[in-house]
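All remarks here apply to the structure that follows.
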Amino acid sequence: MKIAIGCDEMGYELKQTLITRLKEKNIEFTDFGSFENEKVLYPSIAEKVALEVKNNDYDRGILICGTGIGMAITANKIHGIRAAQIHDSYSAERARKSNDAHIMTMGALVIGPSLAVSLLDTWLDSDFSGGRSQAKVDLMEEIDQKNR
């Protein structure tokens, strides 16, 4: 698995924590910023990561800002991307199993580092289940195509 990860300055410390976890799990990743003491407008980072995932250069993406909301909204502007804001273990699991979310977003001002690592593990260890959820994901894609 290959992960694209990015954040704004508010998410920098949490991103570093998640990078440590990716290394522990021997998961290949690329850090798309922001970098230490770098101020960025988060939509630019969300766009970079979402495009990398959309173009199949990376299997999944992780985006972190203050709340996770703006990153999710921006990533979902990219045709074909499903980004989910994750702040609890059930949502982390269902984002993958039910919705086949390509990108998880988190809020560094909303959750702490130990919860973030747990959510990352849950999200990484969950796969799309298909079944009844397949029709829902297919309809999401149809709506996305129709409204581009």
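The backbone N, Cα and C atoms fix where each Cβ goes, glycine too.
These come from Swiss-Prot:
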BINDING   ASP8, GLU9, GLY66, THR67, GLY68, ILE69, GLY70, ASN99, ARG132, LYS136  D-ribulose 5-phosphate binding site
ACT_SITE  CYS65  active site, proton acceptor
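This view paints the features noted in Swiss-Prot onto the structure.
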residue : record                              : contacts (Cβ under 8 Å, 6+ apart)
ASP8    : D-ribulose 5-phosphate binding site : SER34, VAL40, LEU41, TYR42, ILE45, ILE64, CYS65, GLY66, MET71
GLY68   : D-ribulose 5-phosphate binding site : GLN85, ILE86, HIS87, THR105, MET106, GLY107, VAL110
GLY70   : D-ribulose 5-phosphate binding site : TYR42, PRO43, ALA46
ARG132  : D-ribulose 5-phosphate binding site : none
Annotated D-ribulose 5-phosphate contacts ASP8, GLU9, GLY66, THR67, GLY68, ILE69, GLY70, ASN99, ARG132, LYS136, maximal Cα-Cα distance (Å, integer): 39
Helix, strand or coil at ARG132 (D-ribulose 5-phosphate binding site) [DSSP, three-state]: helix
Neighbouring C-beta atoms (10 Å sphere around the C-beta of GLY66 (D-ribulose 5-phosphate binding site)): 18
DSSP-derived class (H/G/I helix, E/B strand, else coil) of ASP8 (D-ribulose 5-phosphate binding site): coil
